[in-house]
Amino acid sequence: MLVRMKQEKCGISEDIFLSIYRAYARVHKPLEVLRVFGKMKEYECEPTAKSYVTVFSIIVDESQLKMAFKFYRYMRDKGIPASVASLNVLIKALCKSSGTLDSAFRIFHEMPKRGYTPDSYTYGTMINGLCRAGRTLEAKELLIDMEANGCSPSIITYSCLIHGFCQLNKLEDAMELLKDMKSKAMELLERMIRKRLVPNSITYSSLIYGFCKEGRLHEAIQIFDRMKLQDFKPDAGLYSKIINGLCEISKFQEAANFLDEMVLSGITPNRVTWGLHVRIHNRVIQGLCSEGHPNQAFQLYLGLRTRGISVETNTFGSLIHCFCKRGDLHKAGRIMDEMVIDGCIPDVETWNVMLDGFWDRKKVREAAGLMLAKLMDEFQNTAPI
């Protein structure tokens, strides 16, 4: 197309070349971008700083770091001013790897000496890179410097820092940032009603995971409730953190309430979360049985079977033990029947509990029948084919 336009003596503007660069960028061909860039002068089109920065950005986005450095030096040799935008692109590339993060830091600190003022994007990129590398304390210092220079942190920058502090178990620092973020939202709200700075779901999730990891469940639930008030929908992973935390401190009824809430909110198992749903449901049912709440445990059990979630052998055993202890042999027998139908083999202890229950209730015939059925099953399983 370019050759034809040249033959027909059509003027080829820089905008046409920029469109070609972007088209090649969409199909991930940075070498073609460089090839076309090298031919601009052949078509009597002198590249401006805009073309240089566009090509440079494409190379960086394709993670061609060595090529990006060469092109950056080429720009410098040509006297093309390295704008804040182009330096931001280079810093972003260097921040992608912990091995080149210090190089990004050097360029960042050299910017003021060369007459360039880092903007919010520059600071945000550096802070995010430091947090990903586990250098959260340095990132916090950079945040202070950022605010001192009149740059406003974005929600992404705050969230990255909060996540970093939670990873380091520095939850007080994370909470302080969350409060700071909320106060800045109010300041911005007064000036720009539509541009509020509020925590996002990643921010809340990081705090909840951090508090659960520290065993500070009360704070985790407070953040969890605040998250829902902000119209963010917790996922199965967050619910499981809260539920497991409550189980750890034997608050099984409260855990069951969160489990019901999760189901009512429409969260269903998928291929990724299937195992998680199985674990938390079975754990809560077993906990309710151990705490003497068989009816609540049985309701959860019924819901489990209705939704097709696997019932573990230990869960069957816990329910049978619990109902036998209460003298409800009918329900215990029903659960044992369903246990066998599901292919779970009752252990000796479960059989003994059932038999003891029947003997205690003088139901000798039923006990004998169960024993006979058990013996017949064992005989059939061990008989030679």
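Placement of Cβ uses the backbone N, Cα and C atoms for every residue, glycine included.
All annotation found in TrEMBL is predicted automatically rather than curated by experts.
Small disclaimer: the values here were computed from a predicted structure and weren't measured.
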Scan 168-195, 252-279, 336-363 against TrEMBL and say which stretch is down as coiled coil.
168-195
Per DSSP, how many helix, strand and coil residues does the repeat 'PPR' (235-269) have?
26 helix, 0 strand, 9 coil
I'd like the per-state residue tally for the repeat 'PPR' (312-346) from DSSP, helix first, then strand, then coil.
27 helix, 0 strand, 8 coil
